[in-house]
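J.: If you scroll down you'll find the structure; I have some questions about it.
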Amino acid sequence: MALPLIQIALDNLSLASALNDLAKVGDAVDVIEVGTILLTAEGVNAVKEIAKRYPHKLIVADGKIADTGKVFNQMFFDAGAHFTTVICAAELPTVKDVVTVGNSYTPIKETQVEMTSNFTWEQVTQWKQVGVQQVVWHRSRDAQAAGVNWSDKDLQAVKRLADLGFKVTVTGGITLNDIQLFKDIPIYIFIAGRTIRDASDPLQTVQQFKDEFHKYWK
């Protein structure tokens, strides 16, 4: 299995704060996420600025699109994002629209369906049918705060998604100790936000994640 990528989530309240965090690890991470909080605070300009400063990195605009998919996706992609996100509760026509927009670019740009507990496996089949390539298995920030840990149900769902042919990203308070839980699954990306940003040595933490990946994926 290929090595997973490491993605930093920038859910900062300002672009200045996000750029300060990126200055420490931007060259080391594989993927840079302009998080929903940062997008709300700074708008699409945050995507433009980060894409300009890090042209060789994959950029995700975590818009959690729920409607008006064509407009949002074109806006984020034109600003420099390679990937965007659509929330799993979005209607199927919205999901189809975001895929269509991404397919109009060369090379193709992709939208990840961000999954919460509010989905059905019938929906998953429909996403596959309309051309979705990526999904994000998401343990919510509020669930983390309530002490909810990764469960067998989570792991089984992630494996099922990978078996269906999706490129699967895992997020939700990921720590170094969590990586081993997913060792038998071809994970595409692990997202770490506060685990990296709040570390005493963020660069070392990124390297530790990569070291963990090398233990379990070849």
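Glycine is no exception: its Cβ is also placed from the backbone N, Cα and C atoms.
The model shown is predicted, which means the values in this text are computed figures rather than measured ones.
Reproduced below are the annotations present in Swiss-Prot:
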- Asp11, Arg194: substrate binding site (BINDING)
- Glu33, Asp62: Mg(2+) binding site (BINDING)
- Lys64: site 'Transition state stabilizer' (SITE)
- Asp67: site 'Transition state stabilizer' (SITE)
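Set these features in their place in the structure for me.
T.: Arg194 (substrate binding site) has a Cβ environment of 14 other Cβ atoms inside 10 Å.
Taking the Cβ of Asp62 (Mg(2+) binding site) as centre and 10 Å as the limit, one finds 26 other Cβ atoms among all the protein chains shown.
Cβ neighbours within 10 Å of Lys64 (site 'Transition state stabilizer'), excluding its own Cβ and spanning all shown chains: 20.
Other Cβ atoms within 10 Å of the Cβ of Asp67 (site 'Transition state stabilizer'), summed over all protein chains shown, number 13. DSSP classifies Asp67 (site 'Transition state stabilizer') as coil under the three-state reduction.
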J.: Which of these binding-site residues has the least crowded Cβ, counting other Cβ atoms within 10 Å: Asp11, Glu33?
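T.: Each of the binding-site residues Asp11, Glu33 was scored; lowest Cβ tally within 10 Å is Asp11.
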J.: In whole Å, note down how far the CA of Glu33 (Mg(2+) binding site) lies from the CA of Arg194 (substrate binding site).
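T.: About 13 Å separates the two Cα atoms.
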